[in-house]
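The structure under discussion appears below in the form of structure tokens.
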């Protein structure tokens, strides 16, 4: 491991800036329609002849998950004891073990999730309110873990504390609307609880008030910027109008499109749909998107900035509005991820290869096209060689959104790709 770190340090910053991704050396999916050639079937490995993930590849994936989990647990012994966040802290690890329990039904995984939840609930600080970076994440995950363990009193306590955060979400005029730190991130926490614990666990009125605050904020900025005709909902973070999933428009729109958000159909049509179309028209020729409205550089292809986050929103727009243009554009834009999605930044979810691989799982879930599952498997195959490519080592190397836990989460979704779900984002 020490030799590997020293080799990484020898890579100059200019080299890393010049090339943000590895060239994709994989052969693309071969359409076998009407062929039946054995050689073509082998060309599409690791899919079997029925278009499913082959048993031999599943075995490799499961073996790697066990290996990475051991490394992760050892590495977490020196992690920041005060980081309770979903993004880089203990709640993210709890969320991973919840996922592993969902896949395996092993009670030990649920117990590990509880261990990490207990740790987080002791160190909340009340400074932030979102699922990814604030108190809402630990409280929502805590409510769900205790619910699954039938600890009714503890689950209700977490739920009560989560709903109490709503007052600051509504009253704080300085609070942003984006996913990572803002109102959309709090909205996700409420929707996540309802998905996991049952509809109306969080009352509709609570959700509606948060949605209304997000809509009012977007309308207000759009009017200030004189963009009501082109983009009736406009948002900014630190005085910059980002487009991506983490800090930008598409992450907010994605939450507003969720059925559980209960946004009225006329509001979706009059405000959300034209705003999504406004983002669509910012696309580069490559199929990628700028990180912000003022940035004309075609650089970043990652969940937080660029095409990957936008594609998730296009897929939701297709589901809600039933217009084929959204699905077509999502598929078209995925080509830039296939070409430039194996990232030098690492293997994580936020700005790494695993996060980009999730795009193809989402496309497969929507279309059932084998090409997308094949491509997802190729991203997983890359992750099976974790640590051998000379990628940058993240600041929190074992965390859910920057590091190893996120890679394990992605790999675990290959067991049942039809039910895959990008953590802390998709619902």
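Each Cβ is built from the backbone N, Cα and C atoms, and glycine gets one as well.
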Site co-member for Zn(2+) according to TrEMBL, given 350, 351, out of 304, 377, 383, 391: 304
Per TrEMBL record, range annotated region 'Disordered' [choices 1-54, 55-108]: 1-54
Non-site residues, in chain order, whose CB comes within 8 A of the mean position of the CB atoms of 304, 350, 351 at Zn(2+): 246, 302, 303, 305, 345, 348, 349, 352, 355, 401, 402
Neighbouring C-beta atoms (10 Å sphere around the C-beta of residue 304 (Zn(2+) binding site)): 23
